[in-house]
Amino acid sequence: MSRIVRDTEAPTDALPVIRVEDRTPSDYYDERLGEVLDLAGTVGALLMASGTATIDTAGQIRRIVNAYGFPDCSVDVINTAIHISVYRGPKLPPGSSMHIVPTRSTDFSRLATIDRLVNRICTPASGWEVREEPADDGQDRTRTTGEQPIPPSSGPPISPAEARAELDTIMSAPHPYRRWIATLAWGALAFATAGTLGGGPLACVVAALSTMVIDRTNRRLNKLGLPFFFQYAVGGVIATAPALAFFWLMPDREIRLGSWTLQFQPQVTIAAGLVVILAGLSLVSSIGDLISGAPVTAAGRFFELVMLTVATIAGVALSLHVSARLGGPEFTIGSQAPPALSEILIRVAFGAATAAAFALACYAERSALTAAAIGGGAGVGAFLAAQGLGIGAVFSSFAAAVPIGLVGHLMERRQLAPPLVVSIAGIIPLMPGLALLHGVYGIIEDADGIGFNSVLTATAIATALASGVTLGEWLSKRLHRTGRMRPVRRSATAPGD
């Protein structure tokens, strides 16, 4: 009877067994330990600053440390601090290092270059292969199965000193494009976003011009050291005021050019500006950290995201309030119906252009521009298809984000771009700019119930986008693991054998 009712498995995960007798540190590795930890920690700090998820950052750090012959590596990433510890046996203190994550900035070209450097470091040499397989604890991470120290005559094809010198070159290298090209890319992003939302030519042009002014203004304010909270508030004012002024001064709220009538939709222009301002925030990483088991870092990133979003909303609300006080015209913000069949291809093209423009604004490489465009087009196409089936905005956003995550890892395996580039750029066309603006406008007009409901809807859509991307990345990893053969460990042979 006891055999029938007794559980056959332990109620908790089994702890890994550390074989102390196999851990005999040598002077060679003691000398290299400091260099390796400094290299791995600096790489991890740069990855976190670029918006990489905590689990992925810790995995890259472990890959580097393991590649140089230190398999017992523990990595702890908490928001802006990275702790690395290497176990060296019961008689020696562990080697440890701590790195602080610098101010976050999105530079996709630097991210791609660092990714290639890590792959070079982890490339086996002299007949060795670094063999990894899924861990037995059910989490989405890997463990190194070959735990014998790599001899000095083999290992990575690049030494820690050479890798550090190359990393310093990457950190000090200028951007691949001039700053004015990035400003034009931000304008193109706003133009394409307004087109994705169904705006006309006037709405697209005004959104592009306002966004370029935001970029130049915030760049100047950043040089003066103004905190980001106030920079986002200024951006919210600039995104809203020109659209309201243009709508107020237009005769009959439209422009006639012969037989052509150009209407202006200020709500589309403002919504496009909101999407552009909030595009650089680490939404995907914060939700991904929460789902993947890094709640502390997720809370820090998400709180930062919320505060900067509140600052942007405050700027928009200030402009709307001043316009109402001055007797400015009112405009309606209603829910969008699914586009006609003839407009779907146009919307998909605008979505692809939006993702590519964002990647260009963040200094992505040329191959990454193509990858981002594919992800953005696939996401918009899936979203419109889901809406055509009568699915709500939240579930349509989730369904659209899953293929974006799949495309991101597919592009990584094709060595076109890191998955983070496609994930962040791909969801930009789907950001809930109109829903957020609807909520702010409802609160300003004392329709608190409608306003807060729209804000919650926008939050749900953003969460659905980030969680869908995370699920797509997980599915892509699983499909890749089940479809490949495990590499075979080759024994190293001495020269002449």
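Cβ atoms are placed via backbone N, Cα and C, with glycine included.
For reference, TrEMBL has these:
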| type | residues | note |
| --- | --- | --- |
| DOMAIN | 39-123 | domain 'Threonine/serine exporter-like N-terminal' |
| REGION | 128-161 | region 'Disordered' |
| COMPBIAS | 129-144 | compositional bias 'Basic and acidic residues' |
| COMPBIAS | 149-159 | compositional bias 'Pro residues' |
| DOMAIN | 158-321 | domain 'Threonine/serine exporter-like N-terminal' |
| TRANSMEM | 184-209 | transmembrane segment |
| TRANSMEM | 229-250 | transmembrane segment |
| TRANSMEM | 270-290 | transmembrane segment |
| TRANSMEM | 302-324 | transmembrane segment |
| TRANSMEM | 344-363 | transmembrane segment |
| DOMAIN | 352-472 | domain 'Threonine/Serine exporter ThrE' |
| TRANSMEM | 368-385 | transmembrane segment |
| TRANSMEM | 391-408 | transmembrane segment |
| TRANSMEM | 420-444 | transmembrane segment |
| TRANSMEM | 450-476 | transmembrane segment |
Cβ contacts under 8 Å made by the transmembrane segment (184-209) with residues that lie 6+ beyond its boundaries: 215, 242-243, 246, 255, 262-266, 268-269, 271-273, 275-276, 279, 336, 339, 343, 346-347, 350-351, 353-354, 357-358, 360-361, 380, 428-429, 433-434
Stretch with greatest number of CB pairs under 8 Å, the transmembrane segment (302-324) reference, 229-250, 270-290, 420-444, 450-476 candidates: 229-250
The transmembrane segment (420-444) touching the transmembrane segment (270-290) per 3+ Cβ pairs under 8 Å rule: yes
Mean predicted confidence [pLDDT] for the domain 'Threonine/serine exporter-like N-terminal' (158-321): 85
Dominant neighbour of the transmembrane segment (344-363) in 229-250, 391-408, 420-444, by Cβ pairs under 8 Å: 420-444
DSSP helix/strand/coil residue counts for the domain 'Threonine/Serine exporter ThrE' (352-472): 103 helix, 0 strand, 18 coil
Composition by DSSP (helix, strand, coil) of residues within the domain 'Threonine/serine exporter-like N-terminal' (39-123): 39 helix, 18 strand, 28 coil
Cβ contacts under 8 Å made by the transmembrane segment (229-250) with residues that lie 6+ beyond its boundaries: 202, 206-207, 209-211, 213-214, 217-218, 221-222, 264, 266, 269-270, 273-274, 276-277, 307-309, 311-320, 323, 328-329, 331
Positions whose Cβ lies under 8 angstroms from the transmembrane segment (368-385), at least six residues beyond its ends: 108-109, 112, 196, 338-339, 344, 347-356, 358-360, 396-397, 399-404, 407-408, 411, 416-418, 421-423, 425-430
